[in-house]
Amino acid sequence: MQIRNWFTRHPLLCRFGTFILAPSVLCAYVAYQQQVISALPQAGSNTVSAAVQEQVTVTRDAHGVPYIEADSMADVYFAMGYLHAQDRLWQLELQRRLSAGTLSEVFGKESVNYDVWVRTLGLYEVAEQSKTYLSEQALSSLQSYTAGVNDFLSQQPTLPVEFTLLGITPAPWRVEDSLAWMKMFSLSMSGNLEEEIQRSVALKTLPKPLFAEFFGSELAPSESLDDGQVASLSGLHHTIKQLETDYKIGGKHIGSNAWVVSAEKSASGSAILANDPHLGLQIPSLWYAVSQQLPDSQLQGMSLVGLPVIVFGQNNHIAWGGTNMEADLQDLVMEQIHPEDPTLYRYQQQWLPFTERTEYIKVKSDFPSLLKPTYRDVELKIKETLTGPVISKAGLPQAVSLRWTALQAQDTTYEGFFHINHAQNWQQFKQAADKIASPSLNLFYADKQDNIGFTGAGNIPVRERGTGILPTKRGAEGDVWQGFIPKDEMPSEFNPPRGYIINANNRNVESGYPYHISSSFADPARAERIEQLLNTQSLDLEYIRQMQMDVKDLTVSKLKAVMETVVAEDLWQQEALDHLKAWQGEAHSDSIAATVFYTWARQIYRVLLNDELIPAWNEKAATRQLLGLRGRVSYDQLAELLAKNSPLCDDTNTIETESCEEVLLSALDRTLILNSKLQGDEIDNWQWGKFQTTRYDHMPFGKVKHLNKVFSREMATGGATNTVNVAAGFYEKDNGFIQNYGAGFRQVIDMGGRYQFMNSTGQSGQVASAHYDDMITLFAQGQYVSFESPTEASRKLTLTPNKGQE
């Protein structure tokens, strides 16, 4: 009766619900079923393909991890392409467009700067050249993978919802798409270009004493970029930083942890390898777990979407992992242009013509495209020297070009990973690693004979002069590089007496090493903490897993001691100080003291340095880079500046002379006020997990209001930039710290037979799939799954050769 009375009192609402709302909901549901659900892989399906040689069976476990069973590696690689397309088709399309510089065709004018930058690099042109240097075996693997992707596309599947929302369809995959993506991956791991630009801006704008605080006075060269070049490269730097933000390409927090333990130190009596690479966090993950099984062999581990091989994992004989070596692989070269003919540049005492190519960038109209004018194609004229493309703007009296290892035609990096997959011992592993050109890696090794080791991989430049920390003028020899570190002199270690090897992007050679590798090694804190933990007890898989989740921050002690000298001026300050004094430096998500420390430290940086780093003329691009210098000052350096009452504590914007004690108090006041705006006045409610959130952004919908709620994922998290369980990122005014860099997967391999891992998000890139995000919580909790063959009841896909119709 009450329901009937409600309908009588509200006839208009009833009609609206009956004739408008209900049909709309029904239509939305039907569309969801047809577009989103039907795009998911179907259980028990059988596919006939002319490209597969023999029958291939793919069985998925409870998390959607595929186990490929085939009679040949060609069919395995075909299945890899098929599965990547089935589970990550939108990711493949986006990666292809990123590498090719065709984002503007889909996303419009906001992406033009990205496309200009990538087209200038010419990744596809170099990928086409690199293909000719691959062995027949390696090239064949890429061709089989390509056939698998395209076989899936040929079946005209229901496309993932991203394609429908953006109104596009995927192009056929090519071998060059895979090779170009490897170069884009290398770009993510090579950050020296940004650092050179940042140092150049700092050298041009900061007083020498302040420049020395950040870089050391010995870094200033005899020549520097002029104002036009600085302005040009500042704009490029901004584009590169936006590429990091929007598409997770590069960033100062790119890194990894890896360690390997000998059988003597292992509780199982077998060597153990642990690894967790740190890249930009996204959903789906860059990584795709897979098992590749042949009648007489098996490979398993983590693949990169877009490539058929296992990047880090295990075969029947060995296991391998890796970290970013942080080597300096990029140099800015100041070219001398002919004073009367701008088409010529100086090289080896002669004037050579620039090589020129023209690119056309298509740009999608603004929304709604039917009502908006069509943009003309952007014409891009690119100049290249013998050693790399010109990246500064045209019309300047002196051009700046880029020398980068990944832009060499003789890039056999894929060949290296291909042969690592099939290596059976240390010698074969090292021979394969020697083929890697870019990026530079510390590759870790363990085998079933209980050997452990690591070797450096990648072409690391030997420079004509200097160390590559600032732009270099081209000398009389022409090339600014004399060659690369000889492979037999690369950093390497095999079966050390101490029984373990560690790297966490820290310096990997002793002080007497004859070659320069990097000026940007990571702080050794993570490596030191790993070493502390390795020397505490007998090491089993459970303990190794706990190590990967460790959140003890060894970098906080000196700054914490300086903070504790502050004399509180009120009870609120005293309560914060009391929490801090009891803290042992562990950044657990439930720690209140961690919140006090990291938020207070953030404000100290700003109060101490902002007035020094914002130039009087306030040019935005330069200001962004100068403020980024705050991250170069470690907690220990900050503590030293405060303890010695550095002149930097004086605010240059005031008449008074401020002390470092005033800086600490001012920063504490700001901290308490800002924290209270986020979580209220009660410090007991300031747990670190409430101030730091892990964000897995979908690309591109993670940046689109409302859609981000559907496609992206967030959760509270612990950890910090220098903890083994890395949590690095940025600060948002309304949300606090956002972790957007960290481990993309974790793996622990006991050579006695157990391989445990966890991907950071899930196997699927399709938002409606149960495997889109089913690993996120498990990953955050430090849980792992094993590579174990699924039961007969698990979902199966059969790829059958079309022999009868040939």
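Cβ atoms are placed via backbone N, Cα and C, with glycine included.
Please treat TrEMBL annotations as automatic predictions, because they have not gone through curation.
When Cβ atoms from all protein chains are considered, those within 10 Å of SER256 (active site, nucleophile) total 27, not counting its own. The feature active site, nucleophile is assigned by TrEMBL to SER256.
What TrEMBL lists as Ca(2+) binding site is GLU196, ASP328, ASP331. ASP328 (Ca(2+) binding site) carries neither a helix nor a strand DSSP state and counts as coil.
Annotated transmembrane segment per TrEMBL: 12-32, in sequence order.
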Checklist entry - Apart from GLU196, ASP328, ASP331, which residues in this chain have a Cβ no more than 8 Å from the mean position of the Cβ atoms of those residues at the Ca(2+) site? => result ASN192, LEU193, GLU195, LEU329, GLN330, LEU332, ARG403, GLY468, ILE469, LEU470, THR472
Item to check | Three-state secondary structure, GLU196 (Ca(2+) binding site) (per DSSP) | outcome: helix
Item to check | Same chain, 6+ residues apart, C-beta under 8 Å of the C-beta of GLU196 (Ca(2+) binding site), given in sequence order | outcome: GLN330, ASP331, LEU332, GLY468, ILE469, LEU470, PRO471
Checklist entry - Within 10 Å of the Cβ of ASP328 (Ca(2+) binding site), how many other Cβ atoms are there? => result 25
Item to check | SER256 (active site, nucleophile): secondary structure state under DSSP, collapsed to three categories | outcome: strand
Checklist outcome for this item: Quick note, SER256 (active site, nucleophile) and ASP328 (Ca(2+) binding site): C-alpha atoms separated, nearest Å, by 17
